[in-house]
Structure formats: C-alpha cells, structure tokens
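> So TrEMBL has the following annotated:
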- Cys149: active site (ACT_SITE)
- His340: active site (ACT_SITE)
- Asn360: active site (ACT_SITE)
- 87-422: domain 'Calpain catalytic' (DOMAIN)
Amino acid sequence: MGACICKGIKSIRCDQQTCMVYSKLKFCKDGCAGCFTKSLVCIINLFATPWCLAFHLLRIYLLPCIYFTFESCWYSFWRKTVGEHLAFEDRTFPASESSLGPVEARSRLGQVTWERLKPQEEDVESGVVALFKDGIEPSDVCQGALGNCFLLAAVACLCEFDGAIEQLFIDKQSNPRGKYRLWLYDVQATRWRRIVVDDRVPTSASTGKPLFSQPAGNEVWVLLLEKAFAKFTGSYANIEAGHTVWAFEALTGDAVVTYQLQEKNGQKWEHLSMKPKKDKTNKRAVGLYHSGRFFDKDSMFKLLCSYDRHAAVMGAGSRGTDDTLSQGRGDTSSGIVAGHAYTIKAVAEHHGVRLLQLRNPWGGWEWKGKWSDNSAEWRKKPQVAQAFGFKQEKDSCDDGLFFMEWDDFLNHFNHIDVCLRTQGMAEFNLRVHEEYGLCGPTVGCCIGASKFLCLCQGVYKMWCGRKGNDTAIEDLEAPYLSKKK
C-alpha cells in the first residue's frame, strides 16, 4: 500500500487502484476508506504533527514576539531621544528627478518635493505613522497621479488573503529612521531580491500630500511597496502602464497565466503564457505567448469559479487601445473605465445568475448597469441577493466594489489575469498591532497563535498546502479545455 500524505492534490497507487487525496478528503476510487489510516507513513505523521506544530509556533509567533517587543521598546526610546536625527537616506535611489523619471502626468504635478511620511491630520497627535494598522484591506489601496493601476490592482487582489502582503515586508512595524526592507520577485532572474527603501516619497509642494499612492489614514505600507517597485524597476515612471500578470508574479513568485478574449475566434478565451525577455534595462520586459489552449464562454466561467474555489488571485483588464494598463481612459458612462485594471474578488453562479464581484483600485467609478449597487435586479430576485450576501442600501456611495453579470463582463473586459498562489506555512507571520503600542507584538502573538492552534489553521496548511506552479494550472484547466491546436 502506498503512502497517502495530504499535500495539495496527489495521486498514488493503492492496491493497484488510484487513491486521490483532495485537501481534507482521503479516499480511493474503490472505496478503500482505510487506506489513509492504515498507512505507516501517515501514522508517523500523526505522531510527528504535534512536534511540527510546536516548532512552527515557536518559529512564527513566540520568538518573533520577543524580538519585536524589544524592537518596539528600542524604537520608542529612539523617538524620544534621537527623534528625526540620523534618519536613513537611500543614496542608491535618491530623492531626485532621476528617481521620479518622465512620468506621464509630470506637467500636471507642479513642483515636486520629497518628504518623509508623516501622520495625516486625523492622526497627528500620535506623532508617528504606522506600517500596518487594523489589518490589511483592499480599501487601503488608493491610486494617485501615477498611471500604475495594473500594479495597484494586483496589490489589492493580494489584500484579500491573510499574510500575502505582510510576508513581503521584512520589517513589521514603522521604523523611526525611515528604513524599510522588502522582498520582490525578479521574474527575469527567477529569484527573490531584497529591496531597501527610505520613507521619502514624491509630494506636492502646494498641498504637502503624496502625489502617487495615497495613505490609508495613518497606514503607509502601500506607499512603501510602490516605492520598492519604483526602485526595483529604476524609477516611478517605469511602473506606469504594464501587465497585471507581471505584478502578480513579482508579488508572489508563483505561476501566472493570462486569458485573452479572441473575438475573431468565436468569442473564445485563449490561455497566454507569460515569459520574461532578456533585457537588463527593463525589469518588466515580458512577453505573452499563444498556447493553443481555448475555452468557450461557459467553460471560461466555470474555470473562473474553479480558480475562485482554489483561492487564486484574479484581475481583469477592461477594453482599451493596447494590452497594457495604466491610468484608464475613454467613455465612463457605463462606469467601466477603458484600459483599466480591476480586481476580481469573487465568481459564482446562484439561481441561474452568473455574477462576478469586481473592485476598482480608484475606490470609485463603479458599474452602472444590471446588478450594480442600485440595480432593480436585486429587488426582483431577493434569493440571488441573499445567496451573494448583498444588502442594497438607499444611500450607498461608490466604494469601488460592485457586481457584474458575466455577459456584461464579456462586453467590457477582454483579458483576465490569474495567479495560483502557493499555500502553506509561509502564509503565517506575526502581525504587530502597532495600534496597541508596546503591547502590539504580544497581542499579535496571542491572536495568531490562537488561530494557528484552536482553529486548526496550522494543521490544515501544514498537510494540505499546495504549490502554485504551471502543472497545477494545467490540472485545473483540463476539465474545461475546449480546443487544442
């Protein structure tokens, strides 16, 4: 009898029958229910699990809690004694015009100064900014004057998943010297690179507010992540107009794929593979290549539902003049901005209605057609509203989050980007709750450890994780593939 180890989706031989292990379900095609429990390897795993959990608990929560508590005390002492003196300045990415680059909106920006991040008006009494505060939400991401919606849409996608953004930051709390270290994946070199930035960002000389990504209250992680990408690519101008699928891979290091709507081929969607180009001067140089793998309209929707069930990261690009996405232009009478990147939050079908939930990184400009926030369809079909968890409000304001029917989606969007994230122990990290001051690391340790142990998240991720690779994508596509060339 072969060994059954639940590690994503695996197939083994069990008494000449194929034993399929799907996440929490372990069974054989011939109904061999005892396959899992009788396996010697699984018995060993059963006894080893408590020790493995204890090790990961110590590694992820307890030791970092001690470290970040001492770090918080040191930072507090530094702020009271040294203050802003001896602040870190990144000379490899100076606060100058060269780092800004020839951004498209340069003529409208006016005089630009580089200022250190400071608390917003409502948080000025605290005297310090927070790297992360009250968790990470997609609403934290707000685009400014830079045409990098492709990047911010990808970031907003990852905000939907616990730990996906935090694991990019080596530093977990605000640094009084203004020095921050992050990880970004180099698609061309196929390896992770450590990026060090300071907290000086381009600011309007007239208003004193950041010009590009906007802070969410006292929270500044979005601005620092955007600056890390700017340094990684050479300038802020180099992160204008691009492919969301590239941003997905740079943020996760996992397998990505683009689906392009081929209108000349019977409204079919084609799988396009992204491959890096050898260009030392352009870190974002990639190409999208035909695969000959096609999906019809119905199969594509079912495939998206499958990706959604597997917690894949998804984004969509509205129809524009080219394949890259920047600021978004054109007629907005429908509420959909042309040539703009959106986040796909959910895909599902209930009571015969196929809907997608999307988010605009602008935080506004929502779909105005069927199944929009104020649409009569919600009142006509309350069972659909209940199934999707939608509550219609009389005075609802645009927050950038909206529902859209699949057929309407096809009329306004022509490509979909997908990243199948690796899931496992790497998703866990200690969240330093800066809003609790010196007690923040302890609060984060208690909350994180409770979820890790009491909610069995640790056991599930340890034995039921998966690798986000090309093979996993092909396995998900296989049932819906309509044509090969």
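All residue numbers here begin at 1 and follow the chain in the order shown.
Using the three backbone atoms N, Cα and C, a Cβ is placed for every residue, glycine included.
Small disclaimer: the values here were computed from a predicted structure and weren't measured.
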> In whole Å, how far does the CA atom of His340 (active site) lie from that of Cys149 (active site)?
7
> Quick one: pull the CA-CA distance for Asn360 (active site) versus Cys149 (active site), whole Å only.
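Rounded to a whole number, the Cα-Cα distance is 9 Å.
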> Just to confirm my parser: what is the rounded mean pLDDT across the domain 'Calpain catalytic' (87-422)?
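Mean model confidence (pLDDT) across the domain 'Calpain catalytic' (87-422) is 87.
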> Quick one: give me the count of other CB atoms within 10 A of the CB of His340 (active site).
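Excluding its own Cβ, the number within 10 Å is 28.
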